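These notes concern the structure reproduced below.
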Amino acid sequence: MANRAPYNPFNPYDPYDPYDPYSPYGPYNSYSLVNPYNPYTAYGTPDSCTPTQSTIEEERLICSTGHSRIGSVQDEWQNTDFGPEQRLLEKKPTAPPAEEFPDGGLRAWFGFVNAWGVFQSYYHETILADVSPSAISWIGSIQYALVFFPGLVVGRLFDLGYFRIPQITASVVLVVGTFLTAECKEYWQFLICQGVCVGFASGFLFGPAIAVVSHWFQKRRGLAFGVIASGASIGGTVIPITVRKLIPLIGFQWAMRVIGFIELAVLGTSILTLRRRLPSRKVSGGLLNLKSFLHLPYSLYVLAAVISFLGLYTVLTYLEVYGREGVGLPPEFSIYLIPIANAASLVGRVGSGYVTDKLGPLNTLIPSTFVAGICTFIWPFARTKGALIAVSCVYGIACGTFVGMLPAPVAKMGSMEDVGRRTGMLMTIAASGALAGPPISGAILGKTGSYVAVGVYAGSMILVCVVMLVAVKYAALKKFSGKF
C-alpha cells in the first residue's frame with residue numbers, strides 16, 4: 001500500500017470513508033475517488049466529494065492493483081482489460097480538477113450592522129432618552145447575534161442549492177426594515193424593525209456571501225475572505241458619517257430613507273453579480289452533526305468564539321458615547337470615532353487574508369485577538385483625541401482580523417465534506433455571545449457608572465478567548481509551534 005494516504009490528525013474519524021486504515025473499517029488507497037484529500041478527484045472540489053456505490057466499486061478495483069485513471073466508472077468497467085498483471089482504467093474526459101478555480105469574481109455585501117454605535121449614541125441622546133443604555137444596546141446586540149445565528153440554516157440551504165431566493169428575500173427584508181425604522185417612535189418598534197428585521201436579513205446575506213467564495217477561489221481563498229469581509233468595514237465607515245451629517249439637514253426619518261435607498265442600490269448590484277459556480281451537494285444528515293463536538297479542537301474553538309463575542313463588540317457599541325460623555329469631546333469629533341475604527345478594520349480584514357494564506361488562520365487569530373483584548377483594557381484610559389484615534393485604529397485592525405478570519409480554521413477541524421455544517425454550528429452558537437455581550441457591558445455601566453469597569457470586563461473576555469485559541473492549536477497539533 002505505497003499510495004496510502006497520510007494520517008490527518010484533524011480528521012480522526014470519517015464516516016463516509018469505509019477504507020481508512022486508521023479507522024475500524026479497513027484499508028485505504030490515496031488515489032480513491034472517495035478520498036476527500038485527493039486533489040485529483042473526478043468529483044471536483046473536496047466540498048463536493050460524496051461517496052456513491054459506483055465510487056466504492058471503483059475503490060475496490062483500484063485497491064487491488066494500485067493503478068488509477070479517473071473517468072466514468074461505468075465506462076471503465078466496460079472497457080478495462082482485467083489481466084493478471086495489472087488492471088488499467090481507460091482515461092475518459094473528467095470534471096475540472098480542484099486546482100482549476102477561477103480565483104476571481106465580483107462580490108459585495110453591506111456593513112449596516114457595523115454602524116450600530118452611532119445609533120446607540122443618537123437614540124440615547126434623543127428618541128430613546130428615557131431608556132437605559134443597556135436596554136438600547138439590546139437593539140444592536142440582536143443585530144450582531146442575528147448576523148451569525150442563521151448560519152446553520154443558511155449554510156444547509158446553500159449546500160442544497162437554495163441561494164438566489166433567500167438572497168433576494170433577505171435583501172427585500174433589509175431594505176423594508178430600514179424604511180420602517182424611519183417611522184419608529186417607541187423602543188419596541190426599534191427592537192423589531194432595526195434589531196430583528198435588519199439583523200435577520202443581514203444574517204441571510206452574510207452566510208451565502210462567505211460560502212460562495214469557496215466556489216471561486218482556492219489558492220488565495222484567505223485573501224478573498226478578507227476582501228469580502230471588507231464590505232462591512234466600508235459600510236461601517238460610510239453609514240455613520242452619512243447618518244450623522246444628514247440628520248441635522250433632513251431629519252432622522254429621511255436620513256434613514258437615504259440609507260435604505262443606498263442599500264437598495266448596493267444589494268441590487270450584489271444580486272446581479274453574486275452567483276454559485278458549483279452544483280448543489282446532497283450531503284447526508286440533518287442540520288446538526290453532533291459528532292463534530294467529539295473532536296476536541298472544534299469544541300474548544302466554538303467555546304472560544306462564544307467567549308470572545310461577550311466582549312468583542314463592547315468598544316464599537318460605546319466608543320462614541322464614551323468620547324462624548326466620558327471624555328467630554330465635542331460631537332463634531334466623536335461622531336468620527338466609529339468610522340475610524342471601521343475604516344481601520346478594512347486593513348485587518350484584507351491584510352489578515354493574505355497573512356492567513358502564509359501562516360495559517362489560527363496563527364493569525366491568536367496575536368490579533370490578543371491585541372484587541374489589550375486595546376479594550378486601554379480604551380477607558382484614553383482621555384485625548386489622539387489617544388482615542390490611536391485606540392480606534394489599532395482596535396479596528398485587530399477586531400477586523402478576528403471577525404474576517406473566524407470561519408477559516410473550521411476547515412482544518414474535520415472532513416471538508418462537512419465543513420458547511422461545522423461552520424454553521426459555530427456561527428449559530430457564537431451568536432449567543434454576540435447577543436449577550438453589549439447588554440452585559442451596558443448593565444455594568446449602569447450599575448457602576450464607570451467605563452473602566454466595562455473595559456475590564458470586555459477585555460478579560462477577549463483575553464480568555466486568546467487562551468482558548470492557544471489551547472485549540474495545542475489540541476490539534478500536540479505542540480505550540482507549527483502552521484495551523
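A Cβ is built for glycine as well, from the same backbone N, Cα and C atoms used for every other residue.
Per TrEMBL, the feature domain 'Major facilitator superfamily (MFS) profile' maps to 97-476.
Taken from TrEMBL, the feature transmembrane segment covers 135-154 (among others).
According to TrEMBL, the transmembrane segment annotation covers 161-181 (among others).
Residues annotated as transmembrane segment in TrEMBL: 187-211 (among others).
Summarising the annotation, TrEMBL assigns transmembrane segment to 223-242 (among others).
Here TrEMBL flags 254-274 (among others) as transmembrane segment.
The transmembrane segment feature in TrEMBL is assigned to 295-313 (among others). Within its own chain, the transmembrane segment (295-313) has Cβ neighbours under 8 Å at 10, 12, 140-141, 144, 369, 372-373, 376, 399, 402-403, 406, 409-410, 413-414, 422, 425-426, 429-434, 436-438, 440-441, 457-462, 464-465, 468-469, 471-473, 475-476, counting only residues six or more beyond its boundaries.
Within the same chain, residues 308, 311-312, 314-315, 319, 322, 326-327, 348, 352, 355-356, 388, 390-391, 394-395, 397-399, 401-402, 405-406, 409, 450-452, 454-456, 458-460, 462-463, 465-466, 469-470, 472-473, 476, 483-484 sit at least 6 positions outside the transmembrane segment (362-382) and bring their C-beta atoms closer than 8 Å to a C-beta of that stretch. The transmembrane segment annotation in TrEMBL covers 362-382 (among others).
Under the heading transmembrane segment, TrEMBL lists 388-411 (among others).
Annotation comment: TrEMBL describes 423-445 (among others) as transmembrane segment. Sequence-distant contacts of the transmembrane segment (423-445) (same chain, at least 6 residues past either end, Cβ-Cβ under 8 Å): 132-138, 140-142, 144-156, 207, 287-289, 292, 301-302, 305-314, 317-318, 406-407, 410, 451, 453-454, 457-458, 461.
Counting same-chain residues at least six beyond the ends of the transmembrane segment (451-476), those with a Cβ under 8 angstroms from any Cβ of the stretch are 9-10, 296-297, 300-301, 303-305, 307-308, 310-312, 314-315, 318, 322, 326, 362-363, 365-366, 369-370, 372-374, 376-381, 409, 412-413, 437, 440-441, 444-445, 482, 484. Residues or ranges marked as transmembrane segment in TrEMBL: 451-476 (among others).
Across the domain 'Major facilitator superfamily (MFS) profile' (97-476), the prediction's mean pLDDT works out to 83.
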